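Some notes on the structure that comes next.
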Amino acid sequence: MTRLDSVERAVADIAAGKAVVVIDDEDRENEGDLIFAAEKATPELVAFMVRYTSGYLCVPLAGEICDRLGLLPMYAVNQDKHGTAYTVTVDAKVGVGTGISASDRATTMRLLADPDSVADDFTKPGHVVPLRAKDGGVLRRPGHTEAAVDLARLAGLQAAGTICEIVSQKDEGAMAQTDELRIFADEHDLALISIADLIEWRRKHEKHIARVAEARIPTRHGEFRAVGYTSIYEDVEHVALVKGDIAGPHGDGHDVLVRVHSECLTGDVFGSRRCDCGPQLDAALAMVAREGRGIVLYMRGHEGRGIGLMHKLQAYQLQDAGDDTVDANLKLGLPADARDYGTGAQILVDLGVRSMRLLTNNPAKRVGLDGYGLHIIERVPLPVRANAENIRYLMTKRDRMGHDLVGLDDFDEAVPGEFGGAV
């Protein structure tokens, strides 16, 4: 296992104007970024970063800074597979030449971090790429964008960083992997930390969710304990239906059966046959009840894969006219999937989960949760319930969104009723 340095060392180095190396989860980008605070940018730091990275230097910023500077999204519909929120590129209006030199880019970076800067201080497009970080940082999204802003804040600096991916010195056509990053960090006396460790550090020192109430909920699948939560970063409420003793026989919270279910009014409440959400929720409750120990976490604010109820109905309207579920979202100027699972991960940790068997047919959900220090030991498939109304939707999820849904090609619309089974 690669030796990592402490978060405390990384924060101290950031405060001192040094760069650090930050690695993410191997199931995500599996890359290491050089990171330093934007307000500490110098020509020397920028030149060092350009020398050892791809050279595509980005400046992660807190959302309020992006708003103040009028930094709009680079593209109306974010199609980046990791949800990196690129904004329009910029250069400083004053004090630079072409904008591309290390000195020019350092000037632009410092100006982006300056609390007194305004939108008119920049020209667009430019040679520096600002990124909009999620509110809540790595506790909401386990990315380098959020890690850079978190490290700057923890160092007592403005919420602005500079990042770029480190290129392998062995194979310049590839990105450096963990073992090589350790060698690189040692050669240049840089701290090497992981986003997972930063998440764990923040989780120990901060809390962004609040447990509000608990009550007994008898259901047709048996009795559950309903635990209600709020989050300071979201104006929504979430509820976890808990069965049994989550700590388990060894008191360690391992091997818990978990379903993280996205709110779906039409499917869960109205019984809509356009999706498979209602049957998935019912199956998850039944499976947890049979297990005698587990959690069904009901995530509010995830309606329509995070786009909201009205947008979801608009997407349905487009689907009625022939679009599939992905293209309908994109036509509305919305991402195919806008959900994040950071709050859900915090709730699971608060409930005592440390490792879990995740009930899902969506491999992306595993990646969305795995970066938060929650060890997913198994992905447990849910039954697929296809019918004439949702078969095209399910095939789109399989073919365009990577969901693990087998057997759909055997569905026969001429046969009444539902088709499916465990996958």
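Here the Cβ of each residue, glycine as well, is placed from N, Cα and C on the backbone.
Swiss-Prot names R259, V260, H261, S262, E263, E303, G304, R305, T325, T360, K365 for binding GTP. Of Q280, Q317, Q346, the residue it gives for the same site is Q280. Of the listed recorded positions, namely H127, H144, R305, the sparsest CB environment within 10 A is found at H127. R339 (active site, nucleophile) falls outside any helix or strand according to DSSP and counts as coil. Within 10 Å of H261 (GTP binding site), counting C-alpha to C-alpha distances, fall the following of the binding-site residues P142, H144, E165, C277: C277.
Set side by side, the binding-site residues C264, C275, C277 differ in how many other CB atoms lie within 10 angstroms of their CB, and the most is found at C264. When the CA atoms are compared, no binding-site residues among the candidates D33, H144, E165, C277 lie within 10 A of R305 (GTP binding site).
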